[in-house]
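*Asks:* Quick paste from Swiss-Prot:
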- 669, 670, 671, 672, 673, 674, 675, 676: ATP 1 binding site (BINDING)
- 263-283: compositional bias 'Polar residues' (COMPBIAS)
- 1298-1532: domain 'ABC transporter 2' (DOMAIN)
- 68-88: transmembrane segment (TRANSMEM)
- 93-113: transmembrane segment (TRANSMEM)
- 165-185: transmembrane segment (TRANSMEM)
- 312-332: transmembrane segment (TRANSMEM)
- 460-480: transmembrane segment (TRANSMEM)
- 543-563: transmembrane segment (TRANSMEM)
- 970-990: transmembrane segment (TRANSMEM)
- 1032-1052: transmembrane segment (TRANSMEM)
- 1096-1116: transmembrane segment (TRANSMEM)
- 1118-1138: transmembrane segment (TRANSMEM)
- 1210-1230: transmembrane segment (TRANSMEM)
- 1233-1253: transmembrane segment (TRANSMEM)
C-alpha cells in the first residue's frame, strides 16, 4: 500500500505523541473507500426497491434541482482532480496510483448518486436513508483528511495547495448536500409528513416541528392533527388481520374439537341464550336461566384458544422485526459505555497519558450515547405505533364481529362487557405490545451484565447471580397471584359497567320511582370489591417492585463483599467498583422492567382469553334463510321451526306459510304467541331447528320498539340512501310527520338525542316507519308500528302507507298488529298461538269459520265497542284532515248546539272544510319544511334555537388547571402526601450515601498503595454499604405502600363523587349527553385513576428525586459543573414546556374522540336487527372505522410528540455526559480515579432518567386529564335536593287532590315553553284522561308532576303542599307511574319490583296476582329470584308492562299516572291492566294519558291538550255534547257516546 500512495500507509509511532495524526495514505485509501464501498454495496438493493415501487410521480422541485446541481459540482471537481493528475503525469515523476483511482471512483460514485436521486424523485419522492448515511460516513471519514491538510498548510507546505483546495470545496459541497437531505419536499397532503420525511428528519422527528409549534401557539383542534397513512387505517389493518385470523381461528376450532373428543365432552353442553334487543321485543320468555348459569361457567372454558397472538404476530411481523433489530443494536451499544468509563478512569489515573486520548474517549462516549438515543427512540416509535395498530385492529374487529355475532353467542355479552373489550382489553394489548421486546431484551441485558461483571469481579459475581436465581420463583408466585386478582377485577369492572349502562339507559325510571339510592348501593357494592382487589393487586405489585429494586443493591453488596473476602489480594479499586456499579445500574433497568412486562403480559393474557372467546364465537347461521331471485312467492315458510335457545323447545314450530308478492298479511295473536319471533326468524335472528324460509327480494323492517339513531330526523329517514325531494316529502306526509316537523326547532334538521330521547313514543315510531317507507324494498316487515300513535294518526298512516291505497301498495307487507279494526282491509290474516299457526285466511273467511279468530273478535268487541268496529275510511279529504292539528274551540261553528240530523250534516260539511283546510295546512307545512331544509343546508352556521340537542363534548384547552392537581391531591390526602415525599427523599439520601461510601471505599486502595486495608475497616465498609442499600429498599417500600393506600382512597372518593353527581343530574343533562360519553368517564377515566395515574405519579417521584440526587452528586464532585448545568437545565425545561402544551391537548383530543366510538357501538348493537334487515352492515362498519381513524390520528400524533421530545431531551442528557467527561479530561491532574468513576457512573445513568422524567411528566399531565374529565361531571348542575328540611306528613298525599296554577314549563332554558299556563283542579279519587295529538304536551304534564321538568312559572299543589317546596324523593316516592316504555333491569324479579326490600314476599305475590303474573312467576323454577336479562329482554313487551303494573300495585300511592302505558300491548293485556287499575286504584287519583280513547271513556274528566294548552276539560258526556275537539276525535274512533264503550 505504501507504493499505491507513494507514502507510509500505517505507522503506530504517529499515535504515540501529544499531537497524534493518521498517515495521509490511510486517510486517502481506507477512509475514502469505506463510504464508497457502503454506497456501492447497497445501491443495487436500493435501485431494485425503486423499480418495484412502479409509481411514476415525477416532479421537478427546488430541492431536487439543488441536490442534483451540487452533485454535478462534485462530479466536475472529481473530473478536475483527474485531469490535474493526468497533467502532472509527465513521465518525469512517478504519480501514485491513488491520484488516479480516487477521482475515477468519485466520478463513478457521483454519477450513481445522480441516478439514484433521479429515480427516487420519479418513484418514491422521499430522501433515501442510505444516501444520508453515505453523506454522514463520507464527512466523518473525511474529517481526518481535512485536519491533516490544514496542518500541512499551516506548516507552509504549498505542494498540495491545489489538491487541498479541491478537497475543501468538495467537503463543503457534501455538507450542503447533507443539509439539503435533512429537508423533505413540501406536500399539500393532509397526511402526516412522516411518509415523505427525510432520513435525518425521521430519526430526529423534525418533521413534527410544525405541529409542536402550532400546539405551543394555540390549543390544537382535531383539524390541526395530521391524518394517518392509509396502511395504518382501520380498514387496511382489519382487512389484513381478517385474512390471517380466519385461517388461525379455523385451526384453533379444529384443536378445540380434538380436545372435546379427548375429554368426551359434548359440544351441545355449551350454554347460550337470548340476545340483546332481538327484533326489539320477544313474545317468548326464556325460562330456566339459572340452569344454564352452571353450564355457562363450564362452557366458557371451551372456546378456540391460542390463535389471537399468532394472528397478530403474522399481521405485524415486519414492524416487530424492525423494532427487534433496533433494540438489539441499542442493547449492544449500551455496554460500550462501562468500558469507555473504565478507560477514562485509567486515563485520569495515568499521569503519562496524552490529552487527546481523553478527548477521544469523551467524544466516543458522546457518540455512543447519541447513537443509542437514535436507536432507542426509533425503536420506541415502531413499538408504540405497533401498539396503536394492535389496539385499532382489536377495536375494529370487535365491532365487525358484533355485526355478525349469533344471538346465542351475543347473549353472553352485555353492551357494557363488549365496550370493555374495546376499551380496557384492547388497551391492555396495546400496553403490552409497547414493551413486548423487553421480554428478551431484559434477559439479554442481564446476561451481558453478568458477562462483563465476571470480567471485572470474577467468580464473585456468582453469589449475586445466585440471589437473582433464588428470587425468580418468588416473582413467579407473586405474578401468578397478580393474574388471578386481575381476572377477578376485570369481572368486577364488567359488572359495574353493566349496571352503569342500565342505570343510564333507565335513568328516567329511577327518577320516577326515586330508586337512585338502591342502584347507587349496588354500584358501590361492586366498586368496594373492585377496590379491595385493586388494593391486593397493588400490594403484590409493590412487593414485586420492592424485591426487584432491592435486587441490584443486594447483588452489588453481596458481590463486592464476596470479592474482597474470598482473597486478600482482591482490592476494590475505582476502575472495578464504578465499572461494576455502571453495569449494576444497567442491570437495574431490566430487573425492574421484566416483572412489570411479565405483569403486563399476565394482564394482557386475561384480555387475550376474553377476546379469543368473543372473536371466536359463532356467527349468525343464515343457511335456513334462502334468498332467491326467481320465485313465485315473496316469503315461504317450509316446515320451519326456530328457537332462541337450543336448550329449549322451539319457539316457532313447524310453520308452513306462503305469502304472495304484493300481499298485505296481518299477524295476530295473544301475548307470548310468537308474533315477534316469527318476524325474527324471517330476519335470521333465531336458531334454526329444522325447515327453512325462502325470501324473494330485499327487506325493510320496522321494529316494535323504535330504534332511532343519534342524528337529525332527516338522516334517520334517509338512512344512508340518496335524497329524493319528492319521494321524501311524500313519505313524511304519509307518516304524519309534517305537523311534528313544524313544531320541532330546525324542522327535519332537528337533532334527535340518543335513542330518540327528545321524541315522544309516537314520533319515534313514525320516524322508524318513515325510514322503512323511504327505502325501496320488496318486502316490508312491520312489527306493530301503529301501537304508539293516536287512533286518527294510526288510521292516517294505515291509509297513506300500509293499506291497499298507501305508498307501499304493491309491495309485500307483513304487519304484526294489535289494532284489530284494520284487519278487514288486509289480504290475509295469520293467527298465531304458542308458536304455531292456528288459523289463516282472509277476514271474511276467518269470520265465517267461527274459529279462534272469530271468537276473540267478538270478545274484544264487547270490551272495545265501536272503536274496534270502526273501519278505515278511504276518503282522501278526511285522511288529510286526520293528520292536521286539532281544531281549536273557535273553529267549531256556533250553531252546533244539538245533535239533530240537520246539525250533524252541518258538522260534516264543516269537517269537510276543516279537512280541506287541513290539507292546505299540510301543503304549507310541506313548503315551510322545504325552506327549513334548504336554509339548514345553506346556512349551517345559523343553528336554529333548540335544533342542536347533543352538546359537542367540551374539550379543555391550555394547561391543566392547578385546581385539578389540588383536587386529586386533596383526594389522596395531604398528610399521606407529606409522608410519601419524606420516604422518597430518605430513599435518595440513602442512595447518595451509598455512592459516597463506595467512592470512599475505593479510595482506600489508593491510600494503601494497592494493598488490602485492615479487616475491621473492610468489614465496616461492607456493613455500612449493605445497610445503606437495604435502607433504600425499606424507604422505597414504605413510600410505595403508603401511596397505594392514599391513591386507593382518591379513586374511591372520585368515583363516589362522580356516581353521586351523575345520579343527581337533571334529565336535561341525559337528554343532551350521549350515554357513551358518560360511560367513558366510568370506564376509561376511572380505570386511569385506579391504575395508571398512581403508577405514573410514583414513577415521576422516583425519576425526579433520582435526577436531583444525581446532579447533587456530580456538583459535589466537580463544582464547576454547576456552570454547565444552568444552561442545560434552561434548555431542558424550555423544550419540555414547549412540548407539553401539544401533548396535553392531544391526550384530551384522544379522550374526546374515544367516546363516539363507544356511543356508535352501543347504538349499533341496540339496532342490530334493523341494520342487518336493511343490509347496512358495511355502512355502519365504515362509519365506525372513520371514528376509529379520527381517534388514531390523535394517538399517533401523541406518540410522535413523545419521541420528538425524548430525542431532544436525551440530547441534553448526552451533553451532560459529554460535558462531565470533558471537564474530567481538562481537570485530570486535580482529580482521582474514584471521583471520575463517581461522576461518570451517575452521569451515564442520567440520560435514561431524564428521558423517563419527561415521559412521566407528560404521562402525569396526560393522565390527570382523566381527573379533569371526571371533575367536569362532578361539577354538573344537580337537580333539586332529594330530601329537604321541609318534609311532608307521613301519610301525604292523603286525598290526592292536584291543583295546577298557571303552570308553565320548558325542556331547556333556550327552548320555548311546552306547557303554556296550565290551570285546572283534579279532585280526590278523580279519574282524569289526558288526550291530544303527539307533541301536545301530554308526557310533559307527567314529567312536571314528578318534577322531572322544573317549573318556568306557576305551581302544582298536591293536598295543599306546593311540590316545589319539598324534596324530590319525598315527592316521587309518594307518587306512582306506569311509564310508556316498560324498562326492567338485570337482576331478579323481586329486585325489579322492590329494590329496597321494603315489602314482604306475601305483598309481592299479591301484587303479581293483581298484575296477572302470579301463575307465570310461580311456574318459574326460581320464582321471584328468576333472573331478568339486561333491559328485560327475556320477557315480552306485554309481560314487562304487567311487571310495571305490579310495581304500581305494590306501592299503591294515592296518585297514579299512566303514561300511554297500554300503547304497545294487545287489547287483552290492555283489558287486564284496565281491570286491575279500576279495582285496585278506585280510591286513588288516576291520571291516564292514552292513545286509545275507549280506555278513558269511563274517566270522571277528560283533559284535551293542544300545543301546551288545555283546549277542553270536563266529563266525557260534556265534551261529546260540546262537539269540540274531543268530539271530533271520538267521532274518528267510532265513539259517539259514553254508553257505546264499556270498560
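Heads up, the Cβ atoms here are built off N, Cα and C, so glycines get one too.
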*Asks:* Could you tell me what the rest of the chain brings near the transmembrane segment (68-88), counting residues at least six beyond its ends with Cβ under 8 Å?
*Replies:* 95, 99-100, 102-104, 106-107, 110-111, 113-114, 117-118, 162-163, 166, 169-170, 173-174, 176-177, 180
*Asks:* Same chain, outside the transmembrane segment (93-113) by at least 6, Cβ under 8 Å from its Cβ: which residues?
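*Replies:* Residues 3-7, 25, 28-29, 32-33, 36, 39-40, 43, 71-72, 74-75, 78-79, 81-82, 85-86, 131, 134 contact the transmembrane segment (93-113) from elsewhere in the chain.
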*Asks:* Please determine whether the transmembrane segment (1032-1052) and the transmembrane segment (543-563) are in contact (criterion: at least three Cβ-Cβ distances under 8 Å, sequence separation 6 or more).
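*Replies:* Output yes: the transmembrane segment (1032-1052) sits against the transmembrane segment (543-563).
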*Asks:* Let me know the DSSP-derived helix, strand or coil state of residue 669 (ATP 1 binding site), please.
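*Replies:* Where residue 669 (ATP 1 binding site) sits, the three-state DSSP reduction gives strand.
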*Asks:* Sequence-remote contacts (6 or more beyond its ends) of the transmembrane segment (1210-1230), Cβ cut-off under 8 Å?
*Replies:* 344, 347-348, 351, 355, 358-359, 361-363, 365-366, 369-370, 373, 376-377, 1114, 1118, 1120-1121, 1124-1125, 1128, 1131-1132, 1135, 1236, 1239-1240, 1243-1244, 1246-1251
*Asks:* Of the listed stretches (543-563, 1118-1138, 1233-1253), which one yields the highest count of Cβ-Cβ distances below 8 Å with the transmembrane segment (460-480)?
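*Replies:* Per the Cβ under 8 Å count, 543-563.
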*Asks:* Within 10 angstroms of the C-beta of residue 673 (ATP 1 binding site), what count of other C-beta atoms is obtained when all protein chains are considered?
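*Replies:* For residue 673 (ATP 1 binding site), the 10 Å Cβ neighbour count is 22.
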*Asks:* Looking only at residues six or more beyond either end of the transmembrane segment (1118-1138), which have a C-beta under 8 A from one in the stretch?
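*Replies:* The answer is 212, 216, 1111, 1205, 1208-1209, 1212, 1215-1216, 1219-1220, 1223-1224, 1227, 1231, 1235, 1239, 1250, 1254, 1257.
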*Asks:* Would you mind listing the long-range same-chain contacts of the transmembrane segment (1233-1253), meaning Cβ under 8 Å and 6+ residues beyond its ends?
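*Replies:* Answer is 337-338, 341, 344-346, 348-349, 369, 373, 573-575, 577-579, 581-582, 585, 589, 995-996, 998-1000, 1002-1003, 1006, 1099-1100, 1103-1104, 1106-1107, 1110-1111, 1113-1114, 1117-1118, 1121, 1132, 1206, 1209-1210, 1212-1214, 1216-1217, 1220-1221, 1224.
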*Asks:* Across the domain 'ABC transporter 2' (1298-1532), what does the mean pLDDT come to, as a whole number?
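*Replies:* Summing pLDDT over the domain 'ABC transporter 2' (1298-1532) and dividing by its length gives 85.
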*Asks:* Go through 670, 676, our binding-site residues, and report the one whose Cβ sees the most other Cβ atoms within 10 Å.
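*Replies:* Of the binding-site residues 670, 676, the highest Cβ count within 10 Å belongs to 676.
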*Asks:* Measure from the Cβ of residue 671 (ATP 1 binding site) and count the other Cβ atoms within 10 Å, all protein chains considered.
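*Replies:* Taking every protein chain into account, the count is 20.
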*Asks:* Test of understanding: give the count of other CB atoms lying within 10 angstroms of the CB of residue 674 (ATP 1 binding site).
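*Replies:* Total other Cβ atoms inside 10 Å, all chains included: 28.
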*Asks:* Taking every protein chain shown into account, which of the binding-site residues 669, 672 has the largest tally of Cβ atoms within 10 Å of its Cβ?
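*Replies:* Going through 669, 672 one by one, the largest Cβ count within 10 Å is at 669.
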*Asks:* So, three-state DSSP: helix, strand or coil for residue 674 (ATP 1 binding site)?
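*Replies:* Its secondary structure by DSSP: coil.
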